[in-house]
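Visitor: What Swiss-Prot records for this protein is below:
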type    : residues                                                                                       : note
BINDING : Thr263, Ser264, Gly265, Thr266, Thr267, Gly268, Ser269, Pro270, Lys271, Asp493, Arg508, Lys599 : ATP binding site
MOD_RES : Lys179                                                                                         : N6-acetyllysine
MOD_RES : Lys182                                                                                         : N6-acetyllysine
MOD_RES : Lys182                                                                                         : N6-succinyllysine
MOD_RES : Lys340                                                                                         : N6-acetyllysine
MOD_RES : Lys398                                                                                         : N6-acetyllysine
MOD_RES : Lys478                                                                                         : N6-succinyllysine
MOD_RES : Lys510                                                                                         : N6-acetyllysine
MOD_RES : Lys544                                                                                         : N6-acetyllysine
MOD_RES : Lys544                                                                                         : N6-succinyllysine
MOD_RES : Lys570                                                                                         : N6-acetyllysine
MOD_RES : Lys570                                                                                         : N6-succinyllysine
MOD_RES : Lys599                                                                                         : N6-succinyllysine
TRANSIT : 1-41                                                                                           : transit peptide
Amino acid sequence: MAVYVGMLRLGRLCAGSSGVLGARAALSRSWQEARLQGVRFLSSREVDRMVSTPIGGLSYVQGCTKKHLNSKTVGQCLETTAQRVPEREALVVLHEDVRLTFAQLKEEVDKAASGLLSIGLCKGDRLGMWGPNSYAWVLMQLATAQAGIILVSVNPAYQAMELEYVLKKVGCKALVFPKQFKTQQYYNVLKQICPEVENAQPGALKSQRLPDLTTVISVDAPLPGTLLLDEVVAAGSTRQHLDQLQYNQQFLSCHDPINIQFTSGTTGSPKGATLSHYNIVNNSNILGERLKLHEKTPEQLRMILPNPLYHCLGSVAGTMMCLMYGATLILASPIFNGKKALEAISRERGTFLYGTPTMFVDILNQPDFSSYDISTMCGGVIAGSPAPPELIRAIINKINMKDLVVAYGTTENSPVTFAHFPEDTVEQKAESVGRIMPHTEARIMNMEAGTLAKLNTPGELCIRGYCVMLGYWGEPQKTEEAVDQDKWYWTGDVATMNEQGFCKIVGRSKDMIIRGGENIYPAELEDFFHTHPKVQEVQVVGVKDDRMGEEICACIRLKDGEETTVEEIKAFCKGKISHFKIPKYIVFVTNYPLTISGKIQKFKLREQMERHLNL
């Protein structure tokens with residue numbers, strides 16, 4: 001047997017749906033294309049081991065395909081784990097004083113799933129979960145999957161117009177939320193676009209602006225026109241409804257859509273990336289394998305998750321990965337709080353910690369950081385946006401996370417496609433986002449020539465494999481723009497790949513600055529500015545300029561207590577970077593515009609700077 005790199009394809013049948021771009025079977029690239037691209041044949045022996053390094057000097061790599069992918073649904077995975085480790089702690093929600101074993105969680109999920117069906121929801125209906133991290137969020141994530149209902153992850157910070165947009169976009173039939181969190185009055189926000197809810201019969205809502213929405217469920221307070229979540233769960237507790245749920249399981253497929261994750265909106269209007277059981281189960285399972293969770297003892301499987309569950313990293317690498325490996329998921333607070341994360345590590349003997357770079361910066365900067373017992377920590381995941389090398393080193397050394405893994409992915413890819421191995425060196429973790437994940441292909445394309453880029457040459461990163469979404473819900477044209485005929489997803493990220501297969505994200509193709517014909521990648525300059533001893537964080541954007549087209553603007557956040565000047569920063573650049581890369585504008589800031597998941601919205605930052613500079 002002989003196959004070539006690029007021909008190992010994973011065919012998958014995706015359930016047809018009115019919102020998804022038809023059936024998605026992964027297609028093989030022709031052997032002629034492979035030869036034209038300089039890709040050589042592999043022996044069967046090579047196929048059996050990990051194929052994680054580029055061949056022929058070109059930026060293409062394929063992950064290991066030795067182990068089979070998992071064809072179970074989320075519900076089947078929960079059942080397997082509950083049978084294997086029934087008495088192990090599954091979920092701890094510190095701010096709600098919730099503790100459940102896997103057996104208890106399975107029982108509650110079954111009742112909630114049965115309850116959702118009992119109130120008239122059906123397989124394929126969309127249910128929006130709108131709120132901060134909570135027990136109810138985890139319950140709805142798993143119960144919808146068990147019932148065949150598609151969970152719509154709604155940003156908890158959304159206001160009326162944003163909420164209306166996403167509910168209409170996917171045709172939500174049900175919406176679940178708490179009454180209030182901090183200043184966010186969820187019920188009152190809904191009333192702005194759905195005033196009919198106040199006088200509606202619970203479960204029989206008829207709304208002019210939201211014609212698909214019939215059922216509103218309140219998590220924690222009786223509200224006019226709504227059902228209480230406890231009532232829904234109680235309704236599903238009868239033997240009749242539980243038997244019906246069991247009967248319905250035979251009609252669920254791992255290729256059914258399970259979750260609509262709206263992209264973060266860092267570049268414009270959010271799009272509803274639609275993911276299947278197959279996407280989510282396998283991505284979480286493969287990431288756990290990369291983290292070597294199968295080698296850990298129960299005491300070493302205690303995951304602190306400060307990331308929002310509405311985001312793909314939280315729901316897949318958090319909830320689902322813990323479910324797959326029998327790990328304990330610990331929610332420290334409703335939204336990220338650095339102090340609460342440290343308290344959770346200390347109190348719950350946490351071993352793994354997730355976070356974005358911004359979250360880790362805040363954790364490290366806690367005034368009483370040294371007072372917490374973090375001796376049980378051993379690893380974790382940092383993802384969401386590029387992390388400077390100095391931050392990686394600080395996390396490993398100060399938080400005791402020697403097995404830290406830098407992960408890269410996109411919502412459209414379920415999400416993780418690149419990650420380090422725990423044993424990779426600090427330098428490798430500081431300078432790249434790791435190596436390709438199993439059952440995943442990556443290539444970097446020369447954006448001008450449309451061919452495979454040579455190694456160590458920037459180009460647009462493309463991904464193919466089981467992990468690619470079913471499509472953007474209700475937007476076939478945007479799906480076609482993102483996923484080409486050969487099933488490659490074009491990420492929009494500019495990246496390089498070295499001889500060992502390590503990938504480095506250079507920036508967004510839309511973020512690339514073109515100054516007088518010179519291509520400038522913000523990530524390169526951001527890495528450089530992080531070497532300045534007074535700089536805490538920096539973001540580089542392009543701002544409009546009549547003469548040069550664009551000029552460089554560095555938005556710098558200084559370390560606490562530090563002071564410097566524009567002149568000193570520019571002097572620091574001279575002789576170290578090319579003259580055309582020295583920013584024309586240096587602006588000192590105290591914060592950046594962020595999505596709720598902690599990603600920096602560069603398009604908003606660019607707009608702010610252009611206003612600030614009167615451009």
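Even glycines carry a Cβ here, placed using N, Cα and C.
Situate these features within the shown structure.
Guide: According to its DSSP assignment, Lys179 (N6-acetyllysine) is coil.
Counting every protein chain shown, the Cβ of Lys182 (N6-acetyllysine) has 8 other Cβ atoms within 10 Å.
DSSP gives Lys340 (N6-acetyllysine) a helix state. Neighbour list (Lys340 (N6-acetyllysine), Cβ cut-off 8 Å, at least 6 residues apart, same chain): Leu94, His95, Pro306, Ala332, Ser333.
In the three-state DSSP classification, Lys398 (N6-acetyllysine) falls within a helix.
Its Cβ taken as reference, Lys478 (N6-succinyllysine) is surrounded by 15 other Cβ atoms within 10 Å in the chains shown.
In the three-state DSSP classification, Lys510 (N6-acetyllysine) falls within coil.
Taking Cβ-Cβ distances under 8 Å and a sequence gap of 6 or more within the same chain, the neighbours of Lys544 (N6-acetyllysine) are Glu550, Glu551, Glu610, Leu615. Look at Lys544 (N6-acetyllysine): DSSP puts it in a strand.
DSSP gives Lys570 (N6-acetyllysine) a helix state.
Proximity of Lys570 (N6-acetyllysine) to non-local residues of its own chain (separation of 6 or more, Cβ distance below 8 Å) is seen for Ile582, Pro583, Ile586, given in sequence order.
Lys599 (N6-succinyllysine) falls outside any helix or strand according to DSSP and counts as coil.
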Visitor: Can you check which residues sit near Lys398 (N6-acetyllysine), meaning Cβ under 8 Å from its Cβ, same chain, 6 or more apart in sequence, and list them in order?
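Guide: Listed in sequence order: Leu364, Phe369.
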Visitor: What same-chain residues, at least 6 away in sequence, bring their CB to under 8 Å of the CB of Lys179 (N6-acetyllysine)?
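Guide: Once residues fewer than 6 apart are set aside, Lys179 (N6-acetyllysine) is near Gln185, Tyr186, Tyr187, Ser218, Val219, Asp220, Ala221, Leu223.
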Visitor: Quick one: of Lys271, Arg508, Lys510, Lys599, which of the recorded positions has the smallest count of other CB atoms within 10 A?
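Guide: Among the recorded positions Lys271, Arg508, Lys510, Lys599, the lowest count of other Cβ atoms within 10 Å belongs to Lys510.
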Visitor: Just give me the nearest neighbour of Lys271 (ATP binding site) among the modified residues Lys182, Lys478, Lys510, Lys599, Cα to Cα.
Guide: Lys478
Visitor: In whole Å, note down how far the CA of Thr263 (ATP binding site) lies from the CA of Lys599 (N6-succinyllysine).
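Guide: Taking the Cα atoms only, Lys599 (N6-succinyllysine) lies 11 Å from Thr263 (ATP binding site).
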Visitor: Counting across all protein chains shown, how many other Cβ atoms sit within 10 Å of the Cβ of Thr263 (ATP binding site)?
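Guide: The answer is 18.
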Visitor: Of the recorded positions Lys182, Thr263, Arg508, Lys510, which sits closest to Lys478 (N6-succinyllysine) by Cα distance?
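Guide: Sorting the recorded positions by distance from Lys478 (N6-succinyllysine), the top entry is Thr263.
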